[in-house]
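Feature annotations, reproduced from TrEMBL:
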| type | residues | note |
| --- | --- | --- |
| TRANSMEM | 38-58 | transmembrane segment |
| DOMAIN | 39-258 | domain 'ABC transmembrane type-2' |
| TRANSMEM | 70-90 | transmembrane segment |
| TRANSMEM | 111-141 | transmembrane segment |
| TRANSMEM | 147-171 | transmembrane segment |
| TRANSMEM | 178-197 | transmembrane segment |
| TRANSMEM | 234-255 | transmembrane segment |
Amino acid sequence: MSGVYRHTAAEGRAAIHFRTLVGALVVREFKGQYRRSLLGPAWAFIQPLAYMVIFIFLRGVLDISSEGAPYALFTFCALVPWTFFSNAITRCAPSIYANGAILKKISIAREVFPVAAVFTSLLDLAIASVILTGMMIWYAVPLSIHMLWLPVLITLTGLLALGFGLAAAAIGTFKRDVMFAIPFAMQFWLLATPVMYPASQVPERWRAFYDLNPMVGLIDAFRAVLIRAEAPDLTSLGASVALTALVWALAWPLFRSVSNYFADVL
């Protein structure tokens, strides 16, 4: 029995150590990314705001529905979680390579670096959410009980980003092309996600293929709870959860299988 207690205590200490490392890395990364920046953390909401302005101009020449909501709010409430997702993956890709000096000096769980990258992006999400809250007040969007879904949706988005991020970090450590390809790929992924437009405008013949994008259900869920004051479509959200599980089923074994070789190539 004492062996069980010792094992449990060791696991507890490891969990605390992991959490402490993540916290330290998040603080370092967050401070470092805005060092010598004139606007500092304001860049966390400038990016989605810039996309929103571009989409507003595009709407002037394209037939894009906003499902009855103000278009600025319609796009921004999708851009905030999308930017979190996109930035998290982009940060995960070089996270092992960028911390190579640490990996060579001490024995540390490799997963800590992609996890810290996701949590750093979560801080940016929190900053951008202040602007989103201001927009919702401006457009007199009422509070809804369905907003209690937000922590669940943010967690699911973070888990999806971390799943892809683990794969990107695993491959990117050996093939640096991944770090150049991901920002480019995220631009295409944005267009394939209902951020600028509603999913309802996608032709029915393409929906089966389109719904393989796990961000489709998540973005629609954010809009549902924030501006439509309704619960997420559980079928669509369930598909996103299933796809997230599939991503993890592929990414986690990949990351673990190559993680012991990271120090050899850094």
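The backbone N, Cα and C atoms fix where each Cβ goes, and this holds for glycine too.
Of the candidate ranges 38-58, 70-90, 111-141, 147-171, 178-197, 147-171 contributes the most Cβ pairs within a distance under 8 Å of the transmembrane segment (234-255). Non-local neighbours of the transmembrane segment (38-58) in the same chain are 64, 71-72, 75-76, 79-80, 82-83, 123-125, 127-128, 130-131, 190, 195-196; each lies 6+ residues outside the stretch with a CB under 8 Å from one of its CB atoms. Taking Cβ pairs closer than 8 Å, the transmembrane segment (178-197) reaches residues 51, 55, 58-59, 64-65, 75, 78-79, 82, 86, 89-90, 93-94, 97, 168, 171-172, 210, 213, 215-216, 219-220 in its own chain, all 6 or more past its ends.
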